[in-house]
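Colleague: Quick one: this structure, given as structure tokens, is what I'll be asking you about.
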Amino acid sequence: MAKSNLQFKTNYAVSSTIEPFYKGGKVQISKDEKFIFCTCGTRVNVLQIVTGKIVHSIEQDDQEDITSFALSLDDEILVTASKALLLKQWDWKQAQCTRSWRAIHNVPIASMTFDPTSTLLATGGCDGTIKLWDVVKQYCTHNLKGSSGVVHLVEFHPDISLLQLFSSASDCGIRMWDLRSSQCLCVLQSHYSPVTSLAFTSDGASMVSSGRDKICTVWDLKSRTTRRTVPVYEAVESVVLLPEDEDFSEIGVKTKEIHFITAGSKGVLRVWDASSARCVFAQTLPSAPPAGGSEEGGEEYGDPRSLTYCLPLPSSLRLVTVTAEHNILLYQLPSFTTQQQFVGFNDEVLDVKFLGKGDTHIVVATNSSQLKVFELATSSCKILYGHTDTVLSLDVFKKGSLFVSCAKDKSVRVWRQDPDSGQVCCVAQGCSHGNAVGSITCSRMKESFVVSGSQDCTIKVWDLPETIPETDGDMFQLNARVTEKAHDKDVNSVAVSPNDKLLVSGSQDRLAKLWSLGAPGADLALLGVFRGHRRGVWCVQFSPMDQVLASSSADGSVKLWSLQDFSCLKTFEGHDASVLKLIFVSRGTQLLTSGSDGLVKLWTIKTNECVKTLDAHQDKVWGLHATRKDDRVVTASADSNITVWTFFYVQMWWCVVVLCRKQELSNLLHEKKFLKALGLAISLDQPHTVLKVIKAIRQGEDGAKQLEKTVLKLRQDQKESMLRYCAVWNTNARSCLDAQAVIQVMLTHLSPEELLQYQGARAHLEGLIPYTERHMQRIGRLLQASMFLDYMWQKMRVTGAPASPSVNCPPNLPTSSPYCFYFIYFSALLHTSISTCTSSYAHLSRQCKSAKLSLFAPMAYLLPTSSCLLHTLYIDFLFFLLCH
């Protein structure tokens, strides 16, 4: 009964994505504390703190990387600076550029900030100059010179009535500028390395500076002298003053003196008393194996947890920190507890699995030693420390709260997620492999054992205790029950059968092997070997229903094998490169595969048919997993993107609507109602169908005028779609003529102002230029070839014979020779227009048929559509003539 109700999956839609939104650079918080602004290459992304979603993305039109940006204190104006030396002012809520102007700096801008009134903008350049701009009246007000090297820090004094600006450059000094006189009042000297941040007290009388020289300095701004130098024993990247009117007694703050928080290379937030130069509080981080260096802070500049920014949220009494691995964390004061965590950049994602009772989370292995657990609803992330080298593979037990990982550090670890709090801890680990552990799988019926495969060519079976510890304080040490030399090369994949009795392994030696797990305590027994792949096997999986298993390989194929006689039942071919992962869906009747070509393909096993191709990644898709309900799939790629797909059935009524529209389109073309046909094709949003309509119009009587008349009668939104389609058609030599015909109509009859108002017009037009240039070059080469043919023909004519406009055979070829026909054919194709080509082709066909040239007649029916192919055929034929 279950099989009779089974419906094949045919459609998946993207339900959510986790994309890189921060790759380093400046981070700023809006004044209302709802948004985080951060740079990501050519974009400034706006992250909503509550949902963890990117709500706005401001991108440079010139595709130049953004070097700095600043948000005004009233949250109204965003200004960006790029490597193109342009400053752009944005209405960031609408993602629209309202003004752009040329920065007078000769080199890129390194820093910028707004004054408290959101009127003045200060920019510090790599040329050692500082310029001030009035963003309201739109002119440059000051040009401050005197700094040595890159000006990487500019800050206005909080009291705007003083009109003072502070800056720091590569010379390690802090310059105080008087904006009334444009003079440097003094240079505050205390640091011996670049100053990284400045923090002012509420009354503006004092300032705290931090540097990478492991000290913080408290300054008296009235006397412009040092009040106190505080050694902090780490390179400090950011300093934040504690609010004076709040109670922080629980973290050791007992006086009203200046207290500040430091964030730096050790990755720990610490609170310091400026009057006594003592650390009164140090944050406690989750335990992690040392990455090298001292116990206190790991490597000075290499610890992935080292902090690069620390920003205050005074209204909600929170802190935002940014780590060297581009993670953004929110802490609640005064307890310093983690509220939220966002991952700005995942790097290469190597594996992903659904996690939790209702598959509400995903656990992700990236190109690092940390695991990341994302909550799908909010994109909030928890980072798990434990492994000391890159994590390579993951698997989850049936109930969803226990999962396992393996890594290059030769170890396997078992993790438990608390179903109520969502907290994850490591409860068991095992270390006895001789090389990196590249694959891992767990038992399917009970939480009883784990199997790992390693680059040392062995498979190990690890038994779990009956009672698994609840916390990492009672971590259980795993011992391998069985160790088997399984393959001659790396073991890439292992999988356990649904009844926990069989094990399959796939290796780089091009083999997959079936093993009997047997009773507890028994060794592995080899049952059979699956041979047939031409390259290494990347993944193996058991069917959940039938006595078969599937394997995928670097040879681009997926094979289905019988467990009875180890024979290959089916082969699925469709990927252009290695097939890295596969899973069974629809109760074992379909396969999902992912490859290094960035594609995910859905196959129906019974028909050997690829019914759907999911294209959402630009690089190798290493991760592929489905929920226990089989209604969602997650894919993860080396392009740092994680995509969650939701399965849906196409409603029958919609299929009927589409079929009716296609039939209507066919009728309209037959009746030559081209305007209605083109409008209907555009409404279906099917570029290939629109192209068919364009071809039908051009092939009709007086096609050029009919096309012009039809295109000009389209609505503006339809013309926008046509422009978008043309940009795609123009990339293909077969459809470029149709694209150019449409573009000619639009450029002839539409003004540039009208065209630029079309949505995405600038990007489409920029995309048309390079391919149009290529087509022009190809036409030029074709013209040169035809001129060469003309020259050869003139040389081969009989001396004194009258010139003829028609193409004739050379005198050294008899007219009855089939070579003469070919000479006429290629001459016509290369030297005459398309219409002449067609008539010559028809004439040549008749001649070949009448001469009964059975050997050569089939060639007369070939009318090559590619000029490159024409060129090649012609040259081959010419050499043949010269040889004979």
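Any Cβ shown, glycine's included, is placed from N, Cα and C.
Features from TrEMBL:
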type	residues	note
DOMAIN	662-796	domain 'U3 small nucleolar RNA-associated protein 13 C-terminal'
REPEAT	102-135	repeat 'WD'
REPEAT	144-187	repeat 'WD'
REPEAT	188-229	repeat 'WD'
REPEAT	384-415	repeat 'WD'
REPEAT	430-464	repeat 'WD'
REPEAT	484-517	repeat 'WD'
REPEAT	530-571	repeat 'WD'
REPEAT	572-613	repeat 'WD'
REPEAT	614-645	repeat 'WD'
TRANSMEM	822-844	transmembrane segment
TRANSMEM	856-882	transmembrane segment
Colleague: On the 0 to 100 scale, where does the mean pLDDT of the repeat 'WD' (188-229) fall?
Modeller: 93
Colleague: Same chain, outside the repeat 'WD' (102-135) by at least 6, Cβ under 8 Å from its Cβ: which residues?
Modeller: 67-74, 76-77, 79, 81-83, 85-87, 89, 141-156, 158, 160, 165, 167, 169, 177, 179
Colleague: How does the repeat 'WD' (572-613) divide up by DSSP, counting helix, then strand, then coil residues?
Modeller: 0 helix, 26 strand, 16 coil
Colleague: Who are the chain neighbours of the repeat 'WD' (384-415) in space, where the CB to CB distance is under 8 Å and they lie at least 6 residues beyond its ends?
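Modeller: The answer is 286-289, 291, 350-357, 359, 363, 365-373, 424-445, 447, 450, 452, 454, 462, 464, 468, 476, 478, 628.
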Colleague: Using DSSP, what is the helix/strand/coil residue split across the repeat 'WD' (384-415)?
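Modeller: Here the numbers are 0 helix, 18 strand, 14 coil.
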Colleague: Could you give the number of helix, strand and coil residues in the domain 'U3 small nucleolar RNA-associated protein 13 C-terminal' (662-796) as assigned by DSSP?
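Modeller: Within the domain 'U3 small nucleolar RNA-associated protein 13 C-terminal' (662-796) the tally stands at 111 helix, 0 strand, 24 coil.
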